[in-house]
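These notes concern the structure reproduced below.
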């Protein structure tokens, strides 16, 4: 058994221990703090969410490798491809939320399935113009995935009055994090198996397209449509002005601004990590680049996120720390991880620092989702979520333009470390009062 398989085994054992701890400790919690499972009417959303995230995670371990090792794209052009995706995400993010609020979030989720499936198909071609078209559709899909799905769920939660039926929004976000991490582990191992079975790195992208088709079928048949304040059949002439006033009141709130800054820096750093972790690990590996087990490494990263999302449920369920304090700790830990990764010393130490960052990711998304859900009103939710992704994509694009290729991971990680500390300070200042 090689070292990476041993690492994955250790992380999975940790996940199992935390899962048992979570459920064994549940009876000791107060009735209002129990780690409840979601109400039955949430399962159609969670099933679709799991399929959508699985389609995204299947591509992660082999995207860079497919470009570089199978399509033989030079590193500088790979950087341009990634940049194109983030530009597309930034441009679409500025309008996609408003369109979804007006014309329906269910419809927007169906558009995601179609756009992302086509992106997967184009990524397998190897033709440079089609690869760029695939990245454009991928950027659009990513903006939709991380704005309208969550927006649909929170609105559905409130409209159906699920809190009165025993569901808890914070626990739902925690469960989403655990499901996301679990499916990512399976996707990481599964992508490696698919590549070995098919003999090509294109196989995970084909499988992702199939999952998206299944997700679209479930959305079409099981979801109801919901809108923002000015959407749907009840739109009135004054609705647009009212919505714009509410939108400005929300985005000018110092707490929302600080959350937006934290979101931009953290998620931007995360996307840069996706681009740079492979060359960073290659720079200190003891074997040849072809010997890195990308699927197992990726599964280990996701096991780290699963472990932390399970810990998130325990910590928040017991009321040990507030969501804001937890987010401050996540930002500080992430800053330390990037600082240590800027000058990697050995293959195994670098791997475990990366796992620590992925653990921060596992706690970040349910924590940030809960805070945004409480601060941002329903009528403009998708629009605000989309707007928050615009500076995120600008940050990533500028970073990639200045770095050029994967060998510049050191300066990028150093800058990310400093920005994360700055975001931590801004969030503390905004919430101290």
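Yeah, the Cβs are placed from backbone N, Cα and C, and that goes for glycine too.
Annotated in TrEMBL:
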TRANSMEM  6-24  transmembrane segment
TRANSMEM  76-100  transmembrane segment
TRANSMEM  107-130  transmembrane segment
TRANSMEM  136-154  transmembrane segment
TRANSMEM  175-197  transmembrane segment
TRANSMEM  203-223  transmembrane segment
TRANSMEM  256-280  transmembrane segment
TRANSMEM  292-313  transmembrane segment
TRANSMEM  320-343  transmembrane segment
TRANSMEM  349-371  transmembrane segment
TRANSMEM  383-402  transmembrane segment
TRANSMEM  408-430  transmembrane segment
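In summary, the transmembrane segment (136-154) lies against the transmembrane segment (76-100): three or more C-beta pairs, each 6 or more positions apart in sequence, are under 8 Å.
If you look at the transmembrane segment (175-197) against the transmembrane segment (349-371), you find at least three C-beta pairs under 8 angstroms, all six or more positions apart, and that counts as contact. The transmembrane segment (256-280) makes contact with the transmembrane segment (320-343): 3 or more of their CB pairs lie within 8 A, with pairs spaced 6 or more apart in sequence. Two recorded stretches are said to be in contact when at least 3 C-beta pairs lie under 8 angstroms, sequence spacing 6 or more; the transmembrane segment (6-24) and the transmembrane segment (320-343) fall short of this definition. Away from its own ends, the transmembrane segment (349-371) comes close to residues 4, 7, 11, 150, 169-170, 173-174, 176-177, 180-181, 259, 262-263, 266, 270, 273, 277, 280-281, 284, 297, 300-302, 304-309, 311-312, 323-324, 326-327, 330, 333-334, 337-338, 340-341 of its chain (Cβ-Cβ under 8 Å, at least six residues beyond either end).
Sequence-distant neighbours of the transmembrane segment (107-130) (same chain, 6+ residues past either end, Cβ-Cβ under 8 Å): 48, 52, 55-56, 59, 63, 66, 70-71, 73, 77, 96, 99-100, 137-138, 140-141, 144-145, 148-149, 152, 202, 205-206, 208-209, 212-213, 215-216, 219-220, 223, 225, 382.
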